[in-house]
Amino acid sequence: MLLQSTIPRLPLHHRRVSLSSPLSSHTLSFPSGFRGEKHPAVRCSISQVHSYGTVDYERRPAAKWTGIYKSISLMKDREVSAVSVLNDCEKAGKKLTKWELHRIIKELRKFRRFNRALEVYEWMNNRAEMFGITTSDTAIQLDLIAKVRGTLYAEDYFLKLPDTSKDKRTYAALLNVFAQAKMREKAESIHMQMISRGYPTEPLQFNVMMTLYMNLKEYDKVELLVSEMRQKNIPLDMYSYNIWLSSSGAQGSVENVEKVFQLMEQDCTVNPNWITFGTIASFYIRVGLLEKAEECIKKIESRITGQDRIPYHHVISLYGSVGKREEVYRVWNVCKSIFPNTPMMAYHTMISSLIRLGDIEGAEQLYEEWLSVTPTNNPRIVNLLLSYYTRNGLLVKAEDLFDRMVELGGKPNPGTWEILAEGHIREKKIPEALSCLKEAVLVRGSKNWKPRPDNVSSILSICEQNDDMQSKDVLMGLLSQVGCFEDEAYKSYVPSTGGVVTVHDEGEDIYGDEILVNQLQGSFQ
């Protein structure tokens, strides 16, 4: 069923409904009434947990952990640790259970408060006898250390662990760290060590390796890992199939995508979840099969339960991509009726979808609504409108919006300045464009920012047409300043260094980057 203004919380069912599309002779059969999420348990694969992540906390009444979580998450002073909040609770006689602390950590990770989550763990470590630190805890700490302090610190943490703490969970955590950092050789080394220790009886480490090869666009290796799993009788779980679907879709074969889905449907140990249908829908949109894509989007809707916002955001975005304006607004209204507060990412998704649909008036109205409910003017929202204005020759309107954002206390990020630079490039105002790029470099937190290669190419082309060597020298100096010439991959895209220009693809979406830790956290009791 489709989302309505109020949605009853239905139990999970595993019945199958056949759905065929007139656009193809292939027939896909989809299950309905099933919830998909990204938190399966680690001790049994997703194939054995048909709720795909529905854990006890979703059925428990609100606990005292919520107030403590809010106190930690709202801390502004980075010099003050979350430990101070937990110490105050302890002094006040508030006894926290391990389940509650795990719930706090899970929520902090959900909203990318990785440093705070690590601080909670450090507080627990000092009371190890009280909380019984397990190897699952150690594995999640390893992941948090990588996110907060870097891959080398995580590797050092692993090497210093006692042998009793080095099991399949901590090895898998280190594998996941290397895979996310795209450190192929180290990831492959850990993968082989795990095989030699007899760990690969579950799909977890294969899923992590498949995700690595997906991100490296080495799709043939994904297929090889799937074949190896099947040969070794290692069951494919939900993640395995979803990554395999993404890999098949990335290669552009409708036949292969539908073949993988059919194999998935025939596997009685798994049920396709909303991510499955999101993957298929995205693929159909990419190859122009919009009617089949819309059928898949409806299947996503039938699988949304609980208090997870993410599926709603995907549905809104996908309906925007297939040109269904009415459906975008319908799901948006449903989402707002369910959740008391609407976060920035929801507005970002909605405004982005409306711009894609050409409904700029609706996008502007939603931006005004966003301003009325938020205390800050986030540049990520503003950048969406700025991009539309500059790409449609409305540079004056873009500059007016930029000025308004600054007046309201918004702080431009490097992307904001580069969008303005693009507007000047389109009008061949190179000095103004370079001035914007210089401002991007000066933004706090722009350490890893580099101008898009297609913008660099356009500036160079205009400079050569106008014999403007001075502006070209300024650009080269700026590229040198931000380390572009030290990045071989980046250099390969810049024409002046013998590269080929590419256009940045903002639409690519690969599922599965957080496989390991989501599985570990799904096992919290």
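Keep in mind that glycine also has a Cβ here, set from the backbone N, Cα and C atoms.
Annotated in TrEMBL:
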REPEAT    167-201  repeat 'PPR'
REPEAT    378-412  repeat 'PPR'
For the repeat 'PPR' (378-412), the averaged pLDDT of the predicted model is 94
DSSP says what for the repeat 'PPR' (378-412): how many helix, strand, coil residues?
26 helix, 0 strand, 9 coil
Going by DSSP assignments with H, G and I as helix and E and B as strand, what are the residue counts for the repeat 'PPR' (167-201)?
26 helix, 0 strand, 9 coil
